[in-house]
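Engineer: What Swiss-Prot records for Cys37-Cys119 is disulfide bond, and it gives sequence analysis as the kind of evidence. Here Swiss-Prot flags Asn130 as N-linked glycosylation site. Taken from Swiss-Prot, the feature topological domain 'Extracellular' applies to 10-40, 104-136, 201-210, supported by sequence analysis. Positions annotated as topological domain 'Cytoplasmic' by Swiss-Prot: 61-82, 159-180, 233-249. For 1-9, 41-60, 83-103, 137-158, 181-200, 211-232, the entry in Swiss-Prot reads transmembrane segment, with the evidence type sequence analysis.
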Amino acid sequence: LLMCNLCFADICFTSASIPTNLVNIQTKNKVITYEGCISQVYFFILFGVLDNFLLAVMAYDRYVAICHPLHYTVIMNRRLCGLLVLGSWVTTALNSLLQSSMALRLSFCTDLKIPHFVCELNQLVLLACNDTFPNDMVMYFAAVLLGGGPLAGILYSYSKIVSSIRAISSSQGKYKAFSTCASHLSVVSLFYSTLLGVYLSSSFTQNSHSTARASVMYSVVTPMLNPFIYSLRNKDLMGALRRLFRRKP
C-alpha cells in the first residue's frame, strides 16, 4: 500500500510539469495560461509534499520492522497503514489548496516571464507586485510544519534503527537488517539532498538558470529514480541486470 502510493505520487509529480514542457518544446511556444500556472502550482505542491509524508510513513514502517519485528504485523496492520496514507493525502491536499488559493491574490504588473521550467509558488511570489507577506508566512509555516515534521520523524526513526542494528551481534544479522531499509534510505537521501541543492543554489547564486537546472533534479530525476531504486531489491530484476551486463557485445 505504501509503495503503491509513493510510486503513484512520483508519477503524478513528474506529470505535473513534463507533458507541458514537451508540448512547449514541440510547438516552440513557452506561454502558459494563468489557470494552467495555478494548476501546476497546486499539483506540484500536492505531490511534492505527499512524497515527503509518505517517506516519513515508510521510515516508521522500517522502524517497526527492525526495532519491533515480533509485533510488526500487529502494529503495521492494514487499518493503520490506510489511516496514515489517508492522513497524508488529506493534509497535503488541504495545504496545496490553501497555498494555491493564496496565489490567486497575487497581482502582476505586466506579462509575466518566469525564469523557470515550471510554475513554482516561490517564483510567482518573487515576481508579484502587491504585498506578498501573507504568502511568505503561509509558505514559511508550511515548510516548517509539513517539511520539518516528516524530516524529524525520519531522523528519529533512523536513530532508533541504527541503535538496534548496532545491538545485533552477528554481522549477517546486521547486513540483513540494513538491507531492509537500504532502498528507503537511498530514496530519502536523494530526495533531501536535491532539495538542499536547490535551496543552496537559489541562496548563493543569482543565476536563475542554475536554480532551474537544480530544481529539475528533485522534480523530475528523483521521482523517476525512486521506483528503480526500490526495484533493486527484486531478485528477478537483479538477475536480469547481471545477465545484461555480463553479455558480451
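Glycine is treated like the rest: Cβ placed from N, Cα and C.
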Engineer: With pairs fewer than 6 apart in sequence excluded, do the transmembrane segment (1-9) and the transmembrane segment (137-158) have three or more C-beta pairs that lie under 8 Å?
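Structural biologist: Contact between the transmembrane segment (1-9) and the transmembrane segment (137-158): absent, because fewer than 3 Cβ pairs are under 8 Å.
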Engineer: Quick test of the contact rule: Cβ under 8 Å, at least six residues beyond the ends. What residues does that give for the topological domain 'Cytoplasmic' (61-82)?
Structural biologist: 1-2, 157-158, 160-161, 164-165, 177, 180-181, 184
Engineer: Is the transmembrane segment (1-9) close to the transmembrane segment (181-200), in the sense of at least 3 CB pairs under 8 angstroms with a sequence gap of 6 or more?
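Structural biologist: These two stretches do not touch.
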Engineer: Using DSSP, what is the helix/strand/coil residue split across the topological domain 'Cytoplasmic' (61-82)?
Structural biologist: 19 helix, 0 strand, 3 coil
Engineer: Could you give the Cα-Cα distance between Asn130 (N-linked glycosylation site) and Cys37 (disulfide bond), in whole Å?
Structural biologist: 18
Engineer: With Cβ-Cβ distances below 8 Å as the criterion, list the same-chain residues six or more beyond the ends of the topological domain 'Cytoplasmic' (159-180) that contact it, or say none.
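Structural biologist: Sequence-remote neighbours of the topological domain 'Cytoplasmic' (159-180) are 62-63, 65-67, 233.
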Engineer: Here are the disulfide-bonded residues: Cys37, Cys119. Which has the lowest count of other Cβ atoms within 10 Å?
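Structural biologist: Lowest Cβ count within 10 Å among the disulfide-bonded residues (Cys37, Cys119) is Cys37.
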Engineer: What is the Cβ neighbour count of the residue listed as 'N-linked glycosylation site' at a 10 Å cut-off, with all protein chains included?
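Structural biologist: Total other Cβ atoms inside 10 Å, all chains included: 11.
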Engineer: What else in the chain is close to the topological domain 'Extracellular' (10-40), if you only count residues 6 or more beyond its ends and a Cβ gap under 8 Å?
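Structural biologist: Hits for the topological domain 'Extracellular' (10-40): 47-48, 51, 100, 103-104, 114, 117-119, 124, 219-220, 223-224, 226-227.
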